[in-house]
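Novice: My structure is below; once you've seen it, I'll send some questions.
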Amino acid sequence: MAFGLRDVTPYLLLLMLISTLGPLQFGFHLAELNAPADVITCRKKSISTLEKVASLIKPGPPAPPQDCIQMDDASFAAVSAIFTVGGLLGALTAGPFTSKRGRWLSMQLTALFYLLGSVTETFASSVAVLSIGRFLSGIGAGSSTVIVPLYISEVAPPAQRGFFGAFTQISINVGILITQTLGYFLSHDNAWRLILGTGIVIALSQGIGLFLVPESPSWTATAKGDLTQARRILQRIRGKESNIDEEVEAWGQGDGKLSTEEEGLLTRHESALSDTPPTPLAPQAGAIPPETTHLGFVQVVRDPLYRPAIIAVVGIMFAQQLCGINSIIMYSVSLLQDLLPTSSALLTIIISIVNLGMTMASSPLPDRFGRKTCLLLSIMGQGSSSLALALSIVLGIKILSAISVLFFVGFFALGLGPVPFIMASELVGPEAVGATQSWALGANYAATFLVAYLFPIINTALNNALGGAGWVYFLFAGFALIFTGFIARNVPETRGKKDADEVWGRVRRVD
């Protein structure tokens, strides 16, 4: 089917909006300490543009004692990094849990972790308490970036899965943009707590909104074994006039057509669906025995049938980070402080807007040109931009440095941003998709941790050894070249493929 939105209903868009609040909070918490860092750590009383303008227009009374948490660089680094540790824990445990207990309950638990983390952070008065809040938020973030892409791939129309799969990365970028914008105006006195407190509002919105979201029809059919309920959910998502037989058949629970008894059940319960909250664990009348055995985290690696998919997914996730995107997202302020006539806080907003805009503009491309094609174009573009950035910094060509950064971010949004999350759920069958998502996000968080900690160290070491700056981007260009070869050799195309067997060119015997 050609790309289009004719199969997209308002109800589906509502499900996407609510479910992607999880990844949005990942982006929000990832960047929440960026702008107000100096205020939180008692180094400055304000870096807020709004506060500075207000003080010039109307000088106010003497400022109250500063509300901050005294910490040195090492302590602040620990507070920042523990979010990644929580994210890794959430990513590793979310896959097996959501395979056994369902997507709906799993998303509700991520909302709970986000809520507990945000409350703890907002009212923290010590490094230890702030760290606990960041860790809890990290668990929610890691879990949501496993569960939500999986849920989206299971409720989106097959022909638009690439388009809707990009919503994960889009929502992450929206979260980053929200918190950096808030930081631009609220990084003063105790107003930084309002930035962290916004996370409470978003978490509550997610938890309440999920009561409008049904369980995944695919999980309901394959894991729970209730084909009648699964058809009912899918029909509501697709619309009453849509033919869903082909999608149902892909679940492997029959030929996709209703028996007379099932059709009667569907008719009797159709009107009740809109009034009944989702109960993913309750037994259903007319249920058929589950036929899918879900594999665990270690099982998928040991099984030679799934091992190539795990290697491909882990490789893609390392490529996403080791090509250097977080060196720009996390360190662009210090890197570009002499290149553009603007404040550091405003610069981070501009980069986030470019990243978000390119991600949205590129979202239809994986369905038009293929996932693998977008990955290769993205990684080669990032490698070229990285090489140009390295040369421009070394040679002191400031305008080229600024342009290279924008192209660097734009090429990331083309493929390396959204496609890894899409492919992680398309390279294996439903029996292994939860564990595969955990491997994917585990690798992603591990690679993110490496870049976050090693970039400043390696950058400084290379600059001291070779003189000048920018040498580390030659290293990122080299990684791009290596991962281009890896993806070309080890990652198959998944666009338009019915199942994992077709993706890998396997033929299963039926006898």
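Every residue gets a Cβ built from N, Cα and C, even glycine.
Summarising the annotation, TrEMBL assigns domain 'Major facilitator superfamily (MFS) profile' to 15-495. Per TrEMBL, transmembrane segment is recorded for 12-31, 74-97, 109-129, 164-186, 192-213, 309-333, 339-361, 373-397, 403-427, 439-458, 470-488.
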Novice: Hey, would you say the transmembrane segment (192-213) packs against the transmembrane segment (403-427), going by three or more CB pairs under 8 A that are 6+ residues apart?
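Specialist: No, the stretches stay apart by this measure.
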Novice: Tell me whether the transmembrane segment (12-31) sits in contact with the transmembrane segment (109-129), defined here as at least 3 Cβ pairs under 8 Å among residues 6 or more apart in sequence.
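Specialist: Taking Cβ pairs at least 6 residues apart, the transmembrane segment (109-129) and the transmembrane segment (12-31) are in contact, with 3 or more under 8 Å.
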Novice: Hey, which bits of the same chain come close to the transmembrane segment (74-97), Cβ under 8 Å, at least six residues off its ends?
Specialist: 26, 29-30, 33, 37, 40-41, 106, 110, 113, 127, 130-131, 134-147, 294, 296-297, 433-442, 444-446, 448-449, 452-453
Novice: Is it the case that the transmembrane segment (403-427) and the transmembrane segment (309-333) touch, counting contact as three or more CB pairs under 8 Å in which the residues of each pair are 6 or more positions apart?
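Specialist: Between the transmembrane segment (403-427) and the transmembrane segment (309-333), contact is present.
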Novice: Using Cβ atoms and a strict cutoff of less than 8 Å, what residues sit near the transmembrane segment (109-129) while being 6 or more residues removed from its termini?
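Specialist: Apart from its flanks, the transmembrane segment (109-129) reaches 21-22, 25, 29, 32, 69, 71, 75, 78-79, 90, 94, 135-141, 143-144, 147, 193, 196-197, 199-200, 202-204, 206-207, 210.
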Novice: Average the per-residue pLDDT over the domain 'Major facilitator superfamily (MFS) profile' (15-495) and send me the rounded value.
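Specialist: Within the domain 'Major facilitator superfamily (MFS) profile' (15-495), the model's average pLDDT equals 82.
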Novice: Taking contact to mean 3 or more CB pairs closer than 8 A (sequence separation of 6 or more), are the transmembrane segment (373-397) and the transmembrane segment (164-186) in contact?
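Specialist: Touching, no - the transmembrane segment (373-397) and the transmembrane segment (164-186) miss the threshold of 3 or more Cβ pairs under 8 Å.
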Novice: For the transmembrane segment (470-488) against the transmembrane segment (309-333), do we get 3 or more Cβ-Cβ pairs below 8 Å once near-sequence pairs (under 6 apart) are dropped?
Specialist: yes
